[in-house]
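**Q** My questions will all concern the structure given below.
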Amino acid sequence: MANLNKRPDWIKVKAPNSTEYYNTKDLIKNLRLNTVCEEAACPNIGECWSKKHTTVMILGSVCTRACRFCNVKTGRPDLLDPYEPQRLAEAVQKLNLKHVVITSVDRDDLEDGGASHFAECISEIRKSSPNTTIEILTPDFLRKEGAAEIIANAKPDVFNHNVETVPSLYKTIRPGARYYNSLSLLHNIKKLSPEIFTKSGMMVGLGEEINEVVQVIDDLREAKVDFLTIGQYLQPTKNHAEVAKYVTPEEFKYLERVAKTKGFLMVSASPLTRSSYHADEDFQKLKENYQQKLMS
């Protein structure tokens with residue numbers, strides 16, 4: 001039996017130590033912004049921050065959910081910061097970002113789940129950096145009527161919402177969420193604003209069966225999702241769900257081949273794939289693939 005306490009070689013990454021990494025870290029700290037890169041202990045932080053790529057986390061740093069895979073703090077959330085959209089826009093300008101990814105904690109305590117705050121952030125960035133493309137990675141807005149409409153009207157270039165895992169594991173891994181609500185949100189955004197690229201991702205290695213992963217792939221395509229990401233689950237701390245399996249690079253290639261036959265514009269499946277990993281480059285490829293599809 002494999003030793004799951006020891007990560008295989010294909011998971012290991014170099015510790016961050018570049019000048020660019022520390023410059024990005026200092027700027028984020030000075031502007032008092034949160035990032036999912038730090039809060040979720042992303043393994044790709046060194047590479048991304050060295051390239052001045054970062055995923056900013058809005059709506060505070062405390063989540064109202066307690067998902068078993070996530071390293072973000074949970075509890076009573078912070079008060080909304082009305083100046084956060086302006087500070088975020090300033091950071092985008094100072095980092096000279098061509099593409100920015102904005103995510104957030106879940107805010108079940110807010111009437112719209114934080115949708116209008118996302119919209120304000122998009123608006124502020126459009127004012128100061130009109131050429132920057134904007135990708136948002138949102139919560140599920142469970143039971144938040146009108147939230148999808150607010151997001152669709154804000155017109156991000158990419159709308160991302162992760163289903164995270166297969167339906168059979170929701171009760172233990174993602175207990176505060178509903179699988180079909182997530183699918184519905186993705187489909188609704190596409191129906192409300194067909195020009196917005198939609199994206200979703202999931203983790204493997206939590207104990208799911210391969211046929212369950214394929215079913216999720218089918219469900220996401222049925223919801224008109226354009227871009228699919230699949231990555232290895234890594235246990236953030238001993239208090240989180242344990243890794244059931246380290247999926248091999250060959251198995252990821254198989255899943256990628258299967259997904260590509262379903263009609264997605266883009267698929268990224270590898271051990272270190274994360275929702276926002278290489279988001280800038282992937283957005284360019286996404287647009288190119290869309291144009292090629294129109295011409296075919």
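Glycine too: its Cβ is placed from the backbone N, Cα and C atoms.
Sharing the features that Swiss-Prot gives for it:
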- Cys37, Cys42, Cys48, Ser276: [4Fe-4S] cluster 1 binding site (BINDING)
- 49-265: domain 'Radical SAM core' (DOMAIN)
- Cys63, Cys67, Cys70: [4Fe-4S] cluster 2 binding site (BINDING)
**Q** So if I draw a 10 Å sphere around the Cβ of Cys70 ([4Fe-4S] cluster 2 binding site), how many other Cβ atoms end up inside it?
**A** 22
**Q** Take the domain 'Radical SAM core' (49-265) and average the pLDDT across it for me.
**A** 94
**Q** Out of Cys63, Cys67, give me whichever of these binding-site residues has the highest number of other Cβ atoms within 10 Å.
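**A** Selected residue: Cys63.
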**Q** Can you list the residues of the same chain, besides Cys63, Cys67, Cys70, whose Cβ falls within 8 Å of the [4Fe-4S] cluster 2 site's Cβ centroid?
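**A** Result: Arg65, Ala66, Phe69, Asn71, Val72, Thr74, Val105, Asp106.
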**Q** What's the CA to CA span in angstrom from Cys63 ([4Fe-4S] cluster 2 binding site) over to Ser276 ([4Fe-4S] cluster 1 binding site)?
**A** 19
